[in-house]
Amino acid sequence: MENYNQTSTDFILLGFFPPSRIGLFLFILIVFIFLMALIGNLSMILLIFLDTHLHTPMYFLLSQLSLIDLNYISTIVPKMASDFLSGNKSISFTGCGIQSFFFSALGGAEALLLASMAYDRYIAICFPLHYPIRMSKRMCVLMITGSWIIGSINACAHTVYVLHIPYCQSRAINHFFCDVPAMVTLACMDTWVYEGTVFLSTTIFLVFPFIAISCSYGRVLLAVYHMKSAEGRKKAYLTCSTHLTVVTFYYAPFVYTYLRPRSLRSPTEDKVLAVFYTTLTPMLNPIIYSLRNKEVMGALTRVSQRICSGKM
């Protein structure tokens, strides 16, 4: 029996799990994915921190991606699981605002960080002699800090808006987290101006970075094609294909969800797509980056040997 215990300012998250065996199966699957994401991303962060061979700009950026993914999935899944287990789907007005802020901030930061990672590979392959200068430690810190700051400013603007608009009597959000577009549908006012702002924000944080990434890899693939070393060509192709896989998994569902007009959107479809970028992508990223990556596997072997020999 579901217990909402709703006050006048609470929201209700209708959730993702149906009240059936299918819902229980999906719950177990999501929790498993969550645990895999925690283990994978924590392992990647520790591995890059502990092994000096991975103290390069590429892996420094990768460690930040794992940190974002770790926080990203932790913002969504614990509340999602708690609602299913307790049957209490209510979330306070403030709690909804906090969840919405962190989701938007982390999502924006990750989109910009993926563009920074593409720039790193572009410089490494197309301008190898300039790489130590263009991708210095200071530049990496600026990229990461900039991603967090810009993502947070964007999230703050969206969160302040949804916390100050008047809501109708129904406060049931047809989603499993406080997604801003899902909250806006409950507003007792015309929100077409804001929907245009969401479109613009999505274009800035997703479309423009994706175009930049595509252009970077176009140049990279051209440079790789002219490489004389077969081994170097293979390594470059592997690195680029890995990053492009991650970019596709992250950007595609986001763009499809947020660039469509409200009239063409389905709450059920939005929730299914949201599972991809809130749970599956954070779980898959460390697997994709470590699979067939000799440097990561070599670092894992070295760190494991140090742990076993007690030299940590």
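Indices start at 1 and increase along the chain as displayed.
Including glycine, each Cβ sits where the backbone N, Cα and C put it.
What you see is a predicted model, and the numbers here were worked out from it, not measured in a lab.
These features come from Swiss-Prot:
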- Cys96-Cys188: disulfide bond (DISULFID)
- Asn5: N-linked glycosylation site (CARBOHYD)
- Asn88: N-linked glycosylation site (CARBOHYD)
- 1-24: topological domain 'Extracellular' (TOPO_DOM)
- 49-56: topological domain 'Cytoplasmic' (TOPO_DOM)
- 79-99: topological domain 'Extracellular' (TOPO_DOM)
- 120-138: topological domain 'Cytoplasmic' (TOPO_DOM)
- 158-194: topological domain 'Extracellular' (TOPO_DOM)
- 219-235: topological domain 'Cytoplasmic' (TOPO_DOM)
- 259-271: topological domain 'Extracellular' (TOPO_DOM)
- 292-312: topological domain 'Cytoplasmic' (TOPO_DOM)
- 25-48: transmembrane segment (TRANSMEM)
- 57-78: transmembrane segment (TRANSMEM)
- 100-119: transmembrane segment (TRANSMEM)
- 139-157: transmembrane segment (TRANSMEM)
- 195-218: transmembrane segment (TRANSMEM)
- 236-258: transmembrane segment (TRANSMEM)
- 272-291: transmembrane segment (TRANSMEM)
Within the chain of Cys188 (disulfide bond), which residues six or more apart in sequence place their C-beta under 8 angstroms from its C-beta? Pro166, Tyr167, Cys168
Just to be sure I understand the packing, how many Cβ atoms besides its own are within 10 Å of the Cβ of Cys96 (disulfide bond)? 24
Three-state secondary structure of Cys96 (disulfide bond) from DSSP? helix
Might you confirm whether the transmembrane segment (195-218) is in contact with the transmembrane segment (57-78), defined here as three or more C-beta pairs under 8 A between residues 6 or more apart in sequence? no
Expressed in Å to no decimal places, the gap between the Cα atoms of Cys96 (disulfide bond) and Asn88 (N-linked glycosylation site) is 14
Averaging pLDDT over all residues of the topological domain 'Extracellular' (259-271) gives 82
Who are the long-range neighbours of the topological domain 'Extracellular' (259-271) in its own chain, taking Cβ under 8 Å and residues 6 or more past its ends? 16, 174-176, 179, 181-182, 185, 195, 199, 202-203, 206-207
Which bits of the chain, at least 6 residues beyond where the transmembrane segment (236-258) starts or stops, bring a Cβ under 8 A of a Cβ in it? 58, 107, 110-111, 114, 117-118, 121, 125, 181, 198-199, 202, 206-207, 210, 213, 217, 220-221, 224, 227, 265, 270, 273-274, 276-277, 280-281, 284-285, 288-289, 292-293
How would DSSP class Cys188 (disulfide bond) in three states? coil
Chain residues in Cβ proximity to the transmembrane segment (195-218) (below 8 Å; excluding those fewer than six residues from its ends, i.e. six or more beyond): 107-108, 111-112, 114-115, 118-119, 121-122, 151, 154, 158, 180-181, 184, 240, 243-244, 247, 251, 254-255, 258-259, 261-262
